[in-house]
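K.L.:
As annotated by Swiss-Prot, region 'Modulating' applies to 1-138. Annotated region 'Disordered' per Swiss-Prot: 16-53, 211-232, in sequence order. Positions annotated as DNA-binding region by Swiss-Prot, on the basis of sequence analysis: 139-204. Residues or ranges marked as zinc finger in Swiss-Prot: 139-159, 175-199. Under the heading region 'Hinge', Swiss-Prot lists 205-230. Per Swiss-Prot, the feature compositional bias 'Basic and acidic residues' maps to 211-222. Positions annotated as domain 'NR LBD' by Swiss-Prot, on the basis of sequence analysis: 231-459.
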């Protein structure tokens, strides 16, 4: 297309070669321009000398003069694949900057020709740093700082709340002046009529408030339905029945055979706990869905929580006792006896963190049963075959207890939280009791696993 290019043109002396040096090279046309008479369609090609061939990375091309991002791209790419090393005697070093003024001077972005595959300057998406792009929205009603778009208009929290209250309560305002009051950040509360009218003029939508209220109502109804479903699946009535079924008979407290009792409070407590283990299994069988679990999981749950379950029971039973605890056998263990037996510190914790708190809030039997059921359904017990099922049952008890407290004690909105706060104390005291061998005679020489397994396999005895 360019005729016969059998020779390459001469390089001028200023490029490091010897004067008049002539060399025939194998450099590609992208690096060196050939000589010879061009075709008529390319009149710009002449036999006059032109500047020496240069690689892209060797000269101050418009790309390199622009800096980031092109400099990063070209430096990462390296020299073009078509650029070859100069032959011996030719030094392809960039000429002084004075010789590149024509190359480096760029009058506009249109003069810049990017590399193939790279976008032009006009097409580059640079982050906007103009002052206008950093301006935050202001409230369209009063000019205060906007907290976002509310009911279709950028507005502050004050105007948002004012508009919502007006719509929800269907309020009607009047203006004392000419219905043209100035509404700005300082005077927005002076005239409610003009403020409301400006909300409407600026585009706030009444229907947006009504739709928001409808969504809130639907969400509340949905949550209520879910909670109701949980309550039906874990009725508090059955939990209360389980507590009442295993409650020691009050009249039996006075019939305790004194000859069988000892002066050692630890022995008395262990004896009472041994008796209570049988009723503990009966109680667990009456808790909804406990018997639906595998026999192995039932054993694991009782083994993990028996100490906390028994401590919760005698603590609640002792709320009417002065400075002591009442055992299921009818015996009273006083603080002085516990201190003399060397278990005073843990005994004091039971009285302070459990008995006293239960007494102050007047915890009833239903709440006690729910707390014990939460302890029973422990998904963290080691060895469970289906922890997720146990966790689901615990969550159902949570929902049942919360609904019960809201319905039974509406004047105490924090009661549910107060009840749950007793669980960490119960857990800590239970672990401390084991650490001190508080119930060291509980099972004697019988391993607890086989002991509980034998009781669980016994049919439920209705009393």
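Yeah, the Cβs are placed from backbone N, Cα and C, and that goes for glycine too.
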K.L.:
So, by DSSP, how many helix, strand and coil residues make up the zinc finger (139-159)?
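P.N.:
DSSP classes over the zinc finger (139-159) add up to 3 helix, 7 strand, 11 coil.
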K.L.:
Which sequence positions outside the zinc finger (175-199), separated from its termini by at least 6 residues, show Cβ-Cβ distances below 8 Å to it?
P.N.:
139, 141-144, 153, 155, 158-159, 162-163, 166
K.L.:
DSSP helix, strand and coil counts for the zinc finger (175-199)?
P.N.:
8 helix, 0 strand, 17 coil
